[in-house]
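Trainee: Starting off with a structure, shown below.
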């Protein structure tokens with residue numbers, strides 16, 4: 001009975017740690033994507049009024065749209081900056097303390113957002129979006145790393161995937177809070193932009209009670225006793241020798257090695273295909289166009305023929321759809337594996353992009369086609385949540401060792417945020433392709449599915465050394481072929497020499 005109590009206590013500690021870190025972490029990414037949709041017209045009016053009052057300039061519609069697009073998309077540039085500093089911060093401060101310090105950016109941004117209207121400064125909104133982006137960029141890198149290093153091997157995928165679950169929950173929460181009946185009205189939009197401070201406050205009050213990453217404590221800090229204590233708290237029982245041996249093995253392999261810098265990975269042949277995989281899959285996560293739906297959901301549904309008074313409620317359905325899919329992916333990932341979920345998600349997204357394009361082409365000829373268009377948006381988001389949304393964040397933890405992991409997350413995060421910025425900026429122009437606006441996204445999904453199927457090995461339940469050996473078949477393929485060719489020549493030469501001697 002005492003052992004069972006300790007196991008329950010350990011499981012509860014792990015669950016509460018995940019909730020605390022994610023509520024003020026990746027939830028912020030989804031939340032800050034979603035809350036910008038509701039106040040679109042109010043902030044555009046505020047920008048126009050500010051220009052008129054300051055400089056007596058009446059902006060044209062396209063100029064207002066340009067300023068609004070910058071306000072929305074600059075969040076991504078903040079995320080890019082956050083991704084760049086996340087690696088050095090985790091090395092210097094550790095995973096948990098990095099997440100706590102990250103709230104400085106969030107709280108400063110929230111303060112600027114809530115006072116921007118009184119100060120009559122849209123520039124304060126811009127700066128607030130940059131700071132909130134930095135917060136999200138750090139969270140998106142550090143949190144999956146923290147979870148992956150704290151979770152037992154058999155739950156590593158499910159625990160790491162909870163980052164995606166909370167991101168999707170953040171989207172739903174942002175959409176609900178952004179309803180006109182709550183904070184999405186004209187008098188309250190500044191409070192909506194600053195409401196992201198509440199999850200950050202929850203994290204500040206709760207996360208200090210949970211342990212640091214055991215791998216960080218042992219491998220980076222060399223504190224074996226602290227590592228064992230952290231594992232004991234997270235597992236609720238005495239530390240299993242097999243789990244500790246695996247961490248000690250990684251410590252031995254990286255002994256005397258300093259933390260790698262991002263640019264060093266580009267010249268290291270032993271991680272060439274790991275790096276290529278992370279860069280391609282992180283880029284595909286944004287280039288598939290899923291998150292642009294949240295940026296411009298109102299515009300998309302208006303084009304599909306939905307009345308203005310119903311759009312805000314239908315938009316909540318998109319976030320709910322991804323949230324449900326991420327939960328389902330969390331339940332399936334340890335059964336089906338990462339590769340299956342990732343490739344399956346992109347294949348389904350390719351199919352729905354094709355159907356969506358056909359529906360748009362026929363919507364003027366067939367009365368019920370707009371409903372097919374809306375259905376495709378939901379199924380596209382559902383397919384994204386089933387694989388790419390969550391599995392993408394797991395990969396750097398599973399395929400890079402402790403010294404390279406922060407640098408790998410920096411590169412992966414940089415690719416993700418840069419591509420989100422690009423998509424955020426060009427989507428209004430892609431929409432001018434009208435019926436063919438989702439064709440580029442479908443092509444990205446198809447190519448991504450092919451890459452995963454042809455290159456990426458399965459990582460489910462495998463140790464780092466086993467995963468590394470599989471990647472080494474690609475990293476040193478030409479060298480192995482050369483060695484095999486030389487061995488064959490030597491063998492043939494030996495046969496000739498032997499026949500001559502006979």
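Glycine too: its Cβ is placed from the backbone N, Cα and C atoms.
Those TrEMBL annotations? Automatic predictions, nothing curated.
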Trainee: Have a look at 242-264, 311-333 and point to the one annotated transmembrane segment in TrEMBL.
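Mentor: Per TrEMBL, the stretch marked transmembrane segment is 311-333.
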Trainee: Need the matching range: TrEMBL marks transmembrane segment on one of 340-362, 478-500, and I'd like to know which.
Mentor: 340-362
Trainee: Does the chain bring the transmembrane segment (66-87) near the transmembrane segment (407-430), so that three or more CB pairs sit under 8 Å (pairs 6 or more apart in sequence)?
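Mentor: These two stretches do touch.
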Trainee: Which bits of the chain, at least 6 residues beyond where the transmembrane segment (158-177) starts or stops, bring a Cβ under 8 A of a Cβ in it?
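Mentor: Hits for the transmembrane segment (158-177): 14, 18, 22-23, 25-35, 37-38, 140, 143-144, 147-148, 150-151, 183-184, 192, 195, 199, 294, 312, 315-316, 318-320, 322-323, 325-327, 329-331, 333-334, 385, 389-391, 393-394, 397.
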Trainee: Are there residues at least six beyond either end of the transmembrane segment (368-395) with Cβ under 8 Å to its Cβ atoms? List them, or say none.
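Mentor: For the transmembrane segment (368-395), the nonlocal Cβ contacts are 140, 144, 148, 156-157, 160-161, 163-165, 167-168, 277-278, 281-282, 284-285, 288, 290, 293, 300-301, 304-306, 314, 317-318, 321-326, 328-330, 333, 338, 341-346, 348-349, 352-353, 355-356, 359-360, 362, 412, 416, 438, 448, 459.
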